[in-house]
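Taken from TrEMBL, the feature transmembrane segment covers 12-36, 56-77, 98-120, 267-286, 298-318, 330-347.
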Amino acid sequence: MIIERYIVREICAPLVVICTVLIMIFSGFSAVRFLNDAVNGLLSGGTVVALVSLKVLIALEVLIPVTLYLAIVLALSRLYADGEITAMEAGGLSQKKLISAVLFLAILLALMVTGLSLHARPWAYGKMYLLETRGQNEFDIAKVEAGRFYELSHNLVFFAEKLDPARNQARNVWVWEFGPEKRRVTSARSAFQTNGPGEGQKAIVFQEGSHYSLNLKTGTDHLVGFQENVLQLEPPQIPPAKYRRKAASTEHLATSTDPADIAELQWRFSTGISTVLMALLAIPLSRVAPRRGKYGKVVAAIILFFVIYNLSLIAKTWVEKQVVGAVPGIWWVTLLNAGLVLFLLPVQSPLRKLRLRRVRTSGGGTP
């Protein structure tokens, strides 16, 4: 057990480092996508942080398997190159024990990946879609873009000629209100945003401006000046969520006959299995001769991972488009992966074990 724990510890060290680096890189790319909307006042800073966090949670079902796979290749390659595996084998480490050590860690992470795929991932997609929809209906006057028109609601348009970021104010502001019987144009020297009296309500405070109103029925108009005026904004109306299969519960997908839903369901169940298979596949790919290059097979291992991953995506698309039926579905890639593991993994078959036993009994040499 001491040797097995040592192997697991050696794998966990690069696993943590690689996973942290990949999460940071992925977070950076995800943040870039949302920061443009944040700069334009369409998303708040808190919403951007929440969206990036949800994107990372969604990506973990892929990041964890690839991290485990690379960590095994890197750790075992180093142990092989430094001669530690050879020394361990002299001390009683068998191929079976090596596989058991890797399999122990792989099963733990596979259970985590399965939980992410079946429950956390659809929940995160649902929250992300809701935040994106809500963010599109939010308005922050401190982050608007000068010279751009913003539709705050179906009957309200906002325009600012200049911005004063230091004071979180807009300068030379115009607001057009369109009612069924009335039109009103508000112009002000400056404006800033504050909270309204109701929950989730916002208000715009205009300073040094005027209202021009036109009654469409009577044709009368009025011009009124003011030093300060408050416009209460209606809380953003969130449209009803449309069906998104990535956010659908696993229970719903299990009862659906839609090919796209079937593909999504099979994908969720396949991630945990693929985590274990890719971990086992990393064992033969990490074998190098002592005192040779430690990481000579890393590039080949990475290429093989992406080939298998892209085959899975292709298989999922084929099921969605009914090129392939629910059976074999996407499982042919899993079977291909399993076959590759059995072909490359040096585990003695029952027939070979029986032959070795007979040779030893008869006093013969090693076959």
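Cβ atoms here come from the backbone N, Cα and C positions, even for glycine.
Just so you know, TrEMBL annotations are computer predictions that nobody has curated.
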Distal contacts, the transmembrane segment (267-286) - CB-CB under 8 A, six or more residues away: 61-62, 64-66, 68-70, 72-77, 80, 98-99, 102-103, 105-107, 109-111, 113-114, 116-118, 121, 250, 253, 297, 300-301, 304-305, 308, 312, 316, 330-331, 333-334, 337-338, 340-341, 344-346
Proximity verdict for the transmembrane segment (298-318) and the transmembrane segment (98-120), three or more C-beta pairs under 8 Å: no
Same-chain residues at least 6 beyond the ends of the transmembrane segment (56-77) whose Cβ lies under 8 Å from its Cβ atoms: 7, 10-15, 18-19, 22-23, 26-27, 30, 85, 102, 105-106, 109, 112-113, 116-117, 120-121, 124-125, 128, 271, 274-275, 278-279, 281-283, 285-288, 294-298, 301-302, 305, 309
